[in-house]
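K.L.:
This is the structure I have questions about; it appears just below.
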Amino acid sequence: MAAEKIETVVAGNYLEMEREEENISGNKKSSTKTKLSNFFWHGGSVYDAWFSCASNQVAQVLLTLPYSFSQLGMMSGILFQLFYGLMGSWTAYLISVLYVEYRTRKEREKFDFRNHVIQWFEVLDGLLGKHWRNLGLIFNCTFLLFGSVIQLIACASNIYYINDKLDKRTWTYIFGACCATTVFIPSFHNYRIWSFLGLAMTTYTSWYLTIASLLHGQAEDVKHSGPTTMVLYFTGATNILYTFGGHAVTVEIMHAMWKPQKFKAIYLLATIYVLTLTLPSASAVYWAFGDKLLTHSNALSLLPKTGFRDTAVILMLIHQFITFGFASTPLYFVWEKLIGVHETKSMFKRAMARLPVVVPIWFLAIIFPFFGPINSAVGSLLVSFTVYIIPALAHMLTFAPAPSRENAVERPPRVVGGWMGTYCINIFVVVWVFVVGFGFGGWASMVNFVRQIDTFGLFTKCYQCPPHKP
């Protein structure tokens, strides 16, 4: 029988209730089938967390970043990627600190998390009360809902470049049904092989975009006029804000780890790798096609149809299925807790209970099929609060009392100036994101989004489709 031993692991002041990995310790005679299952299916290491963070962060935005560069210009595009990558890593660190603080306090009260997945709104509830819980729940769930919608839209947008016999709306119906199968993936523990494959797929696509654009050379009469208007400039900036705001699932990824206290620098390391994919590909595509990207939000649409491009499309489709699972799984958990089946051991019962969550995702993807502009709108209105403003404010309020700072499980690193430096950085994040991300970005993104509705209409069958060739 597999070991069910619970160890108390001391990491600073942090008492973590760590459960040994099933069928690895204490069962040396486990079958080959079980070992393979553990290897591919049961992930909880630092490496699993890194793959999950990197894979989740660089999904379909890889295809829309050249579009953002055409709005921003080359220099601003590069600088915003570096700036928001660093800022996103900082707020992911804050979320990890708050998670560890919350979990430590609960475990000192003998709370057992073996059949319960901790989520961000519960961290806010435990540290700051029900009003913060409600705020976190509303913003996080809405962001993850539209994050799932964006992946579904991206699936339809990409497959159209291989098979245009069906319009994008029909492809959305088909991929909505395919993505609904993610209800059978229990938790982030079970994304081990998917995270690895997803990152490998986006790595291929990134370098395909880079190399194919360089080999293609600059298009005839190419122009690089960005930025031309304030609306386009801040729309592009908020798409990059969205790109590096993929840590809305940080708490769930941490909870899937065997030793969550080791998460601290993982998101930063994942971001560094992601930048090696996004900077070359976005720069190369923008260099090759320039202003043409303003009317082609999907970078694949401008590259010639080849076997390499078709491979990139197929790999991105698979990866978007994986990222759909990343975005929707926390929603599944919230729904399970709401209807009282979260701690049910029957995975089939939980899967059936999750299915209603897919319906609104499917419906919204059909209403707003605006691949590219929807990223900026979600970035400015939801990501700005969910993963930047709320974590920074929550961290400041949690440790505002002197006793909380003295007894903190994770103290700020000296390199940022201790508590004083941390508060200064947090205040800067809140002010910058509120003014630039939510304020200017929200205005620009909504103006652009409304233009798409006026031009194409809601429920449009085939957004930005070229004339059909018989």
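For all residues, glycine too, the Cβ spot is worked out from N, Cα and C.
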K.L.:
Is Ala54 annotated in Swiss-Prot on the same side of the membrane as Lys165?
P.N.:
no
K.L.:
In this predicted model, what is the average pLDDT of the topological domain 'Extracellular' (448-470)?
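P.N.:
Here the mean pLDDT over the topological domain 'Extracellular' (448-470) amounts to 66.
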K.L.:
With pairs fewer than 6 apart in sequence excluded, do the transmembrane segment (313-333) and the transmembrane segment (427-447) have three or more C-beta pairs that lie under 8 Å?
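P.N.:
Since fewer than 3 Cβ pairs under 8 Å link them, the transmembrane segment (427-447) and the transmembrane segment (313-333) do not come into contact.
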K.L.:
If you run through the topological domain 'Cytoplasmic' (252-264) with DSSP, how many residues end up as helix, strand and coil?
P.N.:
8 helix, 0 strand, 5 coil
K.L.:
How about the transmembrane segment (58-75) with the transmembrane segment (265-285) - do they touch, taking at least 3 C-beta pairs under 8 Å (6 or more apart in sequence) as contact?
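P.N.:
Yes, these stretches are in contact.
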K.L.:
Look over the recorded stretches 78-98, 135-155, 313-333, 355-375 and say which has the most C-beta pairs under 8 A to the transmembrane segment (171-191).
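P.N.:
The stretch with the most contacts is 313-333.
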K.L.:
Sort out the residues at least 6 away from either end of the transmembrane segment (78-98), same chain, that have Cβ-Cβ distances under 8 Å to it, and list them.
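P.N.:
Sequence-remote neighbours of the transmembrane segment (78-98) are 53, 65, 72, 120, 123-124, 127, 236-237, 240-241, 243-247, 250-251, 254, 260, 263-265, 267-268, 271-272, 274-275, 278-279, 282-283, 387-388, 391-392, 394-395, 398, 409-410, 425-426, 429, 432-433.
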K.L.:
Test of understanding: applying the rule of at least three C-beta pairs under 8 Å (pairs 6 or more apart in sequence), is the transmembrane segment (135-155) touching the transmembrane segment (313-333)?
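P.N.:
As far as Cβ distances go (cut-off 8 Å, pairs 6 or more apart), the transmembrane segment (313-333) and the transmembrane segment (135-155) touch.
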